[in-house]
Amino acid sequence: MSFLKPKTHIEKGDVVILYLSVSSMHAIEAVPEIVNKKGETIPHIFQTNYGSLKVENIIGVEYGSKVELSKGWAHVLQPTPELWTQTLPHRTQIIYTPDISMIIHQLEVRPGAVVVESGTGSGSLSHYFLRALKPTGHLHTFDFHEARADQARDEFRRHGIADFVTVYHRDVCNLGFGAELDGKADAVFLDLPAPDLAVPHAFKALKLSGGRFCSFSPCIEQSQRCIQELTKLGFNEIVSLEVLQQENVVKTRTLPVIDLEFLKLPKTDETTTATNALESKAPKEVKKYLTSSNPQTLPGHTGFLTFATLPPNIPKA
């Protein structure tokens, strides 16, 4: 029940983030026993780079506490969508926080909203949607792969947020979102290989009072086809953009100070010899400067986000 609301202590069955470092985190389930591949029930011992953790020992521990491993220590944290994105089991390629923050903002997801999502995938974005629309909103999420839909449904149940989401197994490009969702959505999000095929179904799902649309596509050609369909159906404020996260490198640099006084003197062999002699004996003056620069390597392309608005009262024949 870790994702439902803030908690102070770890309870049995919680999903817990075992934090070793920024680049080393693990999501574990706080259960004292697990079933191994042979079908045997054994104590739940989790192995890390800093030794093992007997998971039974963290039940009842306060979130944020430091816990001992056999060869070191770690912190136990309550999961957030941001931490879950970094530790979840990948069933598909996922969308990460830089793109997700823009999606949540542009779709105006808020408590009480109804959001339609396709496809569910590994559920990374779904957890952000659910945090934003609880406690009175609802997420309808679709995946064409039945096993992935079942895994996502079970995951939401174990995380304590199943009341706010309905998971469907359906090919929305050919079958749409279903008549029961016609005119019910405040926002529609698509992460599909051919989003243009699903745009007419998104049009039908959005409320008569209007709504927001977003499609995530790795290729610009997919975005172009999507925009053509959006334009035909009367969407406006159409924009396609790319979000790149770039970190500024701030550091103190020590630089030598060059004395250029000798340039003011007439240039003769005698003055040059004298200047060189003085410079060789004098200590080099240095100064420290706080500098900022771009990193040597920049993040690569993730995908194109296409946003659009459906104005109110567009006929849906």
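Glycine too: its Cβ is placed from the backbone N, Cα and C atoms.
TrEMBL annotations:
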| type | residues | note |
| --- | --- | --- |
| BINDING | S122, G123, S124, L125, D143, D191 | S-adenosyl-L-methionine binding site |
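Residues T92, I94, I95, E117, G119, T120, G121, S126, T141, A152 surround the recorded S-adenosyl-L-methionine site, their Cβ atoms falling within 8 Å of the Cβ centroid of S122, G123, S124, L125, D143, D191, which are themselves excluded. The number of other CB atoms found within 10 A of the CB of L125 (S-adenosyl-L-methionine binding site), across every protein chain shown, is 26. The binding-site residues in question are D143, D191, and the one with the fewest Cβ neighbours inside 10 Å is D191.
Neighbour density for S122 (S-adenosyl-L-methionine binding site): within 10 A of its CB lie 22 other CB atoms from the protein chains shown. Within 10 Å of the C-beta atom of S124 (S-adenosyl-L-methionine binding site) sit 21 other C-beta atoms, taking all shown protein chains into account. Counting only residues at least six positions away in the same chain, the Cβ atoms of L88, A152, E155, F156 sit under 8 Å from the Cβ of G123 (S-adenosyl-L-methionine binding site).
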